Amino acid sequence: MKTDTPSLETPQAARLRRRQLIRQLLERDKTPLAILFMAAVVGTLVGLAAVAFDKGVAWLQNQRMEALVHTADNYPLLLTVAFLCSAVLAMFGYFLVRKYAPEAGGSGIPEIEGALEDQRPVRWWRVLPVKFFGGLGTLGGGMVLGREGPTVQIGGNIGRMVLDIFRLKGDEARHTLLATGAAAGLAAAFNAPLAGILFIIEEMRPQFRYTLISIKAVFIGVIMSTIMYRIFNHEVALIDVGKLSDAPLNTLWLYLILGIIFGIFGPIFNKWVLGMQDLLHRVHGGNITKWVLMGGAIGGLCGLLGFVAPATSGGGFNLIPIATAGNFSMGMLVFIFVARVITTLLCFSSGAPGGIFAPMLALGTVLGTAFGMVVVELFPQYHLEAGTFAIAGMGALLAASIRAPLTGIILVLEMTDNYQLILPMIITGLGATLLAQFTGGKPLYSEILARTLAKQEAEQLARSKAASASENT
């Protein structure tokens, strides 16, 4: 009697068939869904990292304030503690960068732009811990820096980390996940998903390879990072300035004048940043000890200012609603503006791990408020609010400096929830961008990247000459 024939398909063959079906699904319609899945993973990790970074900075700042409270009865001791706390935190950040990952210094956005062009390395195993903990030190110490620089660079490096862990190959996957991580980092830093998308498309337009896959991945990454941010921080505008009145049509010409002012100041500000970089480099000369001590002095100065004049230190998010509400006199606004220009130049140009978006938003707000106070006095018949010019000015300096008007406009709208001011903001941003371009100003990040690449080329040339000289001896 014949026994039943067993199934010819072994368990191993069944597993292989299932894997093949899954692979066909992932590659259906020539759409590598694996990249989109990785984009979701990247966005989730970036959102969590941004939340952890934000909470860490806030915790360090609170600890620093508590230390000052305990010495409030002794004024000389209070000033000493204010200086030392910030100096030590800053020195910690400078030391990590200089010792372990020099590319983690500064904003980090030019590094991502260079990586997208295959001109800069992405050493995520070094950059991630150095940028995270170094940024905690400098921002937690009250330096005039923004959180977006660290989160964008951390995001791009997380994209590369995920690529390496899952062993995805190909330039498209590498480029897409780098861009996705960077966009997710900006979105999570400001709770501004649309600004994160526009940042990649506009600011990184020379480097971003716009394809259907890459833009889908950026969308997915930004969505996931924003969800992570809002889970821990609720769905509220990052900066609460209240609902401001709309700008009447017969006052729009005033916003064009404001844009012209920023169009003049933006290129000048960029030159000051680059000039301060050269000056501070001459001070430390590349010596790690001098560089760390210099950073400690700058950090300590910011710590003192944070106690004596709080509006002149820190990223500036606490300053923006106060200035927009008109709580400063004209003289105080001028003082804050001058002081913050100096501290922004010192902190950012020194190579501290931190961004410049937030300080520029604060500078734009202060200058916009001052302009608004002037026009309110000059044109009482218009019944204007100085706060509307503050909001218009927030994104105008970004537009003039980094040449990204759309990103600046949408970023401010998402952060303040004042969408009714979109028309005056467009006029201000357009005026600032056109005049900055007309006067020959170049985007700040492009200038910094060009300097970095020139330095890299010089170092490679010096090493090759040294190697050839040693071979000849």
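Cβ coordinates are placed from backbone N, Cα and C, and glycine is handled just like the others.
Here the structure is a predicted model, which means the values were calculated and not measured.
What Swiss-Prot records for 106-110 is motif 'Selectivity filter part_1', and it gives sequence analysis as the kind of evidence. If you look up Swiss-Prot, you'll see 146-150 marked as motif 'Selectivity filter part_2', on the strength of sequence analysis. The topological domain 'Cytoplasmic' feature in Swiss-Prot is assigned to 1-32, 117-123, 167-176, 202-214, 282-287, 439-473. What Swiss-Prot records for 70-76, 233-252, 310-329, 377-386 is topological domain 'Periplasmic'. If you look up Swiss-Prot, you'll see 33-69, 77-100, 124-141, 148-166, 215-232, 253-281, 288-309, 330-349, 355-376, 422-438 marked as transmembrane segment, on the strength of sequence analysis.
Helix, strand and coil content of the topological domain 'Cytoplasmic' (439-473), in residues and according to DSSP, is 29 helix, 0 strand, 6 coil.
For the motif 'Selectivity filter part_1' (106-110), the model's average pLDDT works out to 91. Residues in the topological domain 'Periplasmic' (233-252) partition by DSSP class (helix H, G, I; strand E, B; coil) as 5 helix, 0 strand, 15 coil. Long-range contacts of the transmembrane segment (422-438) within its own chain (CB-CB distance under 8 A, at least 6 residues past either end) are made by residues 247, 252, 255-260, 262-264, 266-267, 388, 391-393, 395-397, 399-401, 403, 405-406, 408-409, 412-413. With pairs at least 6 apart in sequence, the transmembrane segment (215-232) and the transmembrane segment (33-69) have 3 or more Cβ pairs within the 8 Å limit; the two touch.
The motif 'Selectivity filter part_2' (146-150): residue composition by secondary structure is 3 helix, 1 strand, 1 coil, according to DSSP. Listed as Cβ neighbours of the topological domain 'Periplasmic' (377-386) (distance under 8 Å, sequence separation of 6 or more from its ends, same chain) are residues 244-245, 248, 250-251, 254, 326, 369. Between the transmembrane segment (148-166) and the transmembrane segment (77-100), fewer than three CB pairs separated by 6 or more residues in sequence fall under 8 Å, so the two stretches do not touch. Under 8 Å from some Cβ of the transmembrane segment (253-281) lie the Cβ atoms of residues 247, 294, 341, 345-346, 348-351, 356, 364, 367-368, 371, 375, 379, 384, 389, 392-393, 396-397, 399-401, 424-425, 427-436, 438-442, 444, 447-448, 451, all in the same chain and six or more residues away from its ends.
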